[in-house]
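> Below: one structure in structure tokens.
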Amino acid sequence: MSLISDVVSWYLYLFGLTFPIYLLFAKLGFTGFKRLTSYVESKTFLHELNPVTKFVILLLLTVVSSQSIWWVGAITGLITLSFFFFLRRLRLVALFSLMQLIGTSWGSAIYASPSVLNLIFGPDQKVLWVFPSYFSIFGVNRDLTEQALIYGFQISMRVWPMFLFSFIILMTTTVTEVIDALSELKAPLALTFALGVAILTIPRIFDVAETAYKIQVMRGEKRVIALFRSIVPTTVFLFRKAVVMGISAETRCFMATKRRTELQDLKFSARDKVALVISIVFASIDLYLVAIGLIPAVPFR
């Protein structure tokens, strides 16, 4: 019985870590990840928004989702998800959202603090599974309860809209626009450079990883083995790219001055003003309702 309990416990523990990743690679593949993180050439209203406006909206979404009850994040996420229809990425992002929901919910459930669960749901909780005592070494709460799963789902709904709008920024904003926007917001140059490099490099990483993976498969390796063996050439690519990027930045005297110049000034259109007004009004109403108690705040339901 103890052996069966250990096997089931390890299966449950690893489920939330491996199952979403497996489904993501099985359903999306490297090409899907590249499409998730690459700029989409189009002329939608999302592309025409000032990048500063997008960052401000993301900040407001973060504040609202982190302070409000879970269904506020769920509604905000559904509204944000609908925008991907105009980018022709709705199905792709919906699938990623499902995997993010499973991974975040399960990870939050097994690591949920008992004191927080008691504060939210009270002491009477329905225990679904009891992990062996040595699982506490990993920080796992021994009693997996129904309330912990509910709490994990609520957490996933709060981070969901932030994930979605981050993808919108990646798909509708060029690297140059991101750098100009962060400069306009007076962000540190080191942070600006790091984000710019990340946005530029991530799609290329999936390109290299896909090439390395396909080469391993062509050599007769099984898919799982090929996936692991593609890690080494991808890592080598990252280090080489980092060296080249560092030399390029040094050659161009990056950070020689505290301020950077732009080829064109960022301008706020009427569309930006409308988007900002709607976002600020929505955030203000939500935070006011949270303050007076009409909308429960974190961590309460």
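In case you wondered, yes, glycine gets a Cβ from its N, Cα and C as well.
Among the features that TrEMBL reports, transmembrane segment is placed at 12-33, 69-87, 92-112, 159-182, 189-206, 226-249, 274-298.
For each listed feature, how buried is it and what is near it?
Outside the transmembrane segment (12-33), and at least 6 residues removed from its termini, the chain residues within Cβ reach (under 8 Å) are 92, 95-96, 99-100, 102-103, 105-107, 109-110, 129, 131, 135, 138, 140, 144, 206-207, 209-210, 213, 227.
The list of residues near the transmembrane segment (159-182) in space but at least 6 beyond its ends in sequence, with Cβ under 8 angstroms from a Cβ of it, reads 36-40, 42, 44, 46-47, 49-52, 54-55, 57-58, 61-62, 65, 73-74, 76-77, 80-81, 83-84, 87, 89, 93, 97, 100-101, 104, 191-192, 195-196, 199-200, 260, 262, 266.
Tertiary proximity for the transmembrane segment (226-249) is limited to same-chain residues at least six positions away from its ends with a CB under 8 Å from its CB atoms, namely 25, 193, 197, 201, 204-205, 208-209, 212-213, 216-217, 255.
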> Can you tell me which parts of the same chain pack against the transmembrane segment (92-112), counting only residues 6+ beyond its ends and a CB-CB cutoff under 8 A?
12-13, 15-17, 19-21, 23-24, 27-28, 32, 35-36, 77, 81, 84, 131, 139-141, 144, 148-149, 151-153, 155-156, 159-160, 163-164, 167
> Which residues of the same chain, at least 6 past either end of the transmembrane segment (189-206), have a Cβ under 8 Å from a Cβ in it?
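Distant Cβ neighbours of the transmembrane segment (189-206) are 30-31, 33-34, 37-38, 170, 175, 178-179, 182-183, 234, 237-238, 241, 245, 249, 254-255, 258, 260.
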> How about long-range neighbours of the transmembrane segment (274-298): same chain, 6 or more residues beyond its ends, C-beta under 8 Å?
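Contacts of the transmembrane segment (274-298) (Cβ under 8 Å, skipping residues fewer than 6 from its ends): 49, 53, 56-57, 60-61, 63-64, 66-69, 72, 158.
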> Let me spell it out: take the transmembrane segment (69-87), skip the flanking residues so only those 6+ beyond its ends count, and list any with a Cβ under 8 Å from a Cβ in it.
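Long-range Cβ neighbours of the transmembrane segment (69-87): 40, 42, 44-46, 61, 93-94, 97, 153-155, 157-161, 164-165, 167-168, 171-172, 286, 295-297, 300-301.
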